[in-house]
Amino acid sequence: MQGLKNKISWGLVLFWAGFAQVYWNLTPNITEHNAANIRTSVYLIIKGLTLIGPDLLVLLLGYFLYNRVDKKALVVKIWLNTAVFGCLLSLAIALTDNGINYYPITIFNSMLPILRNSYPLITGVMGGLIIASLFPTQQRMVPQRLIRIIWLLIALPFLTPVNIWGWNDNFLTLFYACLFVLGGNLGHSNNYRWGLVGLGSLVINFLCQGLIPFLSYDGTTINRFTVVTNLFTVLAAYSFAKLLIQQISKPAISYPLSVMVFLSNSSVFAVVYAIAERKPISHSTVATGALALSAISIYLLVAGLWWWLLTTPKVRAINQWISTTTALSFTKQERAALIKRYGPNLLVAAISYAIAAASMLLMNNTWLISAGKYHNIFSYVFTQRELLLLLTTLLLFSATKFIQAISNRYWFSLALIIFINAAFVIANREKIAARNEPVLPVDLSMVKVAGSLFGMVSPILWVGVITGIAILIVAIYWLEKHYPVKLRFKSRQRWGYLLLAPILFGSCVFWNHAGTPINNLLLSIDDKPMFYNQLSGARTNGPLVQFMNNVDVKIMDKPSGYSKARMEQIVKKYQSQAQVVNRYRHNDLKRQTVIFNLNESFSDPSRVPGVNLKNSPISEIKKIQQQNTGGTMISSGYGGGTANMEYMTLTGYSVSNFSPTLPVPYTQLVGKLKVNPSIVDSFNHAVAIHPYIGTFYNRTSVYPKFGFDKFLYLGSKDKIRHQHRIDRSPYLSDQTSYQNVIDQLRSYPHGQFINLVTCKTTFHILITVITILNGIMLLVSPRERRSTKLMNLVQRFTIPITPLSGLSSRLMELTGRLRLSFTVTTCRESTRMTWQRMG
């Protein structure tokens, strides 16, 4: 019976303190009263009564903990309980659809409770224990001189017109530390006398709080006496504590401390506050009170479960180790033993963090990054993206421990992770330089053409890579020989590491599933996939996290009203319209020869704002465009993305309709579909020609899926003939492309479809021009770079692209000699033209 009474008493104290902590921070409508009237007086008196609760709780904890022998160990345990339990609470909140916009702040409040002063009640208790540890353990009572000083510190703000100590809001650690020490002075005494003191303190408080609205000069000081630091609030709490210690006994101390973690956890509070803002509560005085009581009830229950976990043998062993460790003065040998035991894992964690930070920084080519506004990359990475750095660190740490659990080699595993990440960063930088985007999962399909990709890497980089590998091998050998680290994994520990990495890395298949716990967690830590701008995503999230962001691919969102019946209805509608349109058409498309010509990296420089050219470098092409059907069209991307342009041209499907997680349909979509409708379906014979490597973007698999009968590329069964290059260009010229088209027309003089994708010949010419212009840029001032003089230089170095222009005319002329009905459609970055001739 006595035990039940004790639990109920502590529960009521925790409710009292919790209500003061939660209810008033939820800003119920009653807090809006600030006029000189009775309502304001009632509000202040009610609030003043509730604020006795936190003071009472700290005083009682001071009474029961002040004489603990293991004060230092207890401080460590309280800090550890606050950090671990607080982080777990924040993590649990992050797994839900919480809608917290400032979650990174709340998680750091949990991770760093002392530095961020986010748990003033708890840090006050810790401060009180530290003060108590300064006095001899045999001295069971607090020195009376210290007690007088504390009472003086508390009384002075009551007598002065301002809060001279600045005790308010979260700046209450020192105040609660003083209360804790006062609690150590509590002792059994005359109940009658302290009952009168408590009653008198309440009466004075009521008078002060009730009259202040009428006495305040401008209403800004009405809360002066309604604070936990008010002298008579403390006196009332002290009197109640004097009476209560005769009725209750010491609790399981971890339980009230865990409840206090709940009360001050900013992640938990953010969720409760969001509930208070929504209907039907909407900060209603009564409804908010009911919400606060409900929340506190949940806090007490969950804290009870946490307390039960703390009583398990494993946690008790940790508690015992902390008590033993803090009680010892370590010898040199003992410190060395601790370093030997925990040092290897700390080194792995430190190197993992260094790799995470370096990889994120190296995604930038300048010292600034644009994230809403320009930031220095170091300040941005280490102050705004810290949680993403920690996520990457965790991934790399788990990968290292996974390899160690398999190989039992410490230095080898660490060096392997360093090498893999170095190669990954180099690959990212190379791809960024070439295509302005990082390495994505879809790029793994390019492994089959690794030889061709390696050929594009500069020899200097290869020398650096080989040198780095050699140094790494020598370092591994030297470290394993002179500083071997013996890894002794217990069976459970080994299996834990073997499962941790696959679980963490495998979770990315659910990262983009909206509403799932892992997706909620990533949103909470501010993961920004930026599928519309992959390079920005790699710079803000790091290359590894951005890579994993793109693993979970969704083709597209299901449109509203989509069904088989609806699709059949649409098909019938347009079939009937097609019959009307085609009523007077007599051409058979299957007997027609249609050539699609997609020019890689081709654009019209005259469309660049601010550039006025005297002579167009593509005059022949513009002439053809004027004489036939031609114009401009909207592109789904700017620069690059030839495979996507080709996909849209052949299928008629805009990539804008797909999910942002599907950037390249050729490699991510076509192979998965049983049916791939395209323009090829309208012909009996179809040929694709690309005078370059055919395996890029999986074209060798895509074209058969589309129904092409032949695909001519370098290394194909059907050879690319008439190979010709312009100057030192690594790419075959457009002359090669068009000559192979002519050969195909001659070899198959019937209706057919030809898909011609040329090489980056114009790109090579433009790179030469840009190199010259970059040299000029270095010789002129920033003002001159924007001047007319520079525009004249641009015009001077803009050369006619005569090979391409002349060949377009020649192809038109040669195909005109054949007795065929044909249509040629040429698509470029900024120009599209179609010309048709009946032969």
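Numbering starts at 1 and runs along the chain as it is shown here.
Any Cβ shown, glycine's included, is placed from N, Cα and C.
What you are looking at is a predicted structure, and each value in this text was computed from that prediction instead of being measured.
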Stretch carrying transmembrane segment according to TrEMBL (options 377-398, 685-706): 377-398
Rounded mean pLDDT for the residues that make up the domain 'Sulfatase N-terminal' (592-756): 83
Range from 147-165, 227-245, 257-276, 495-514 with most C-beta pairs under 8 A to the transmembrane segment (194-215): 227-245
Listed stretch, out of 78-96, 116-135, 147-165, 288-310, that has the most CB pairs under 8 angstroms to the transmembrane segment (227-245): 147-165
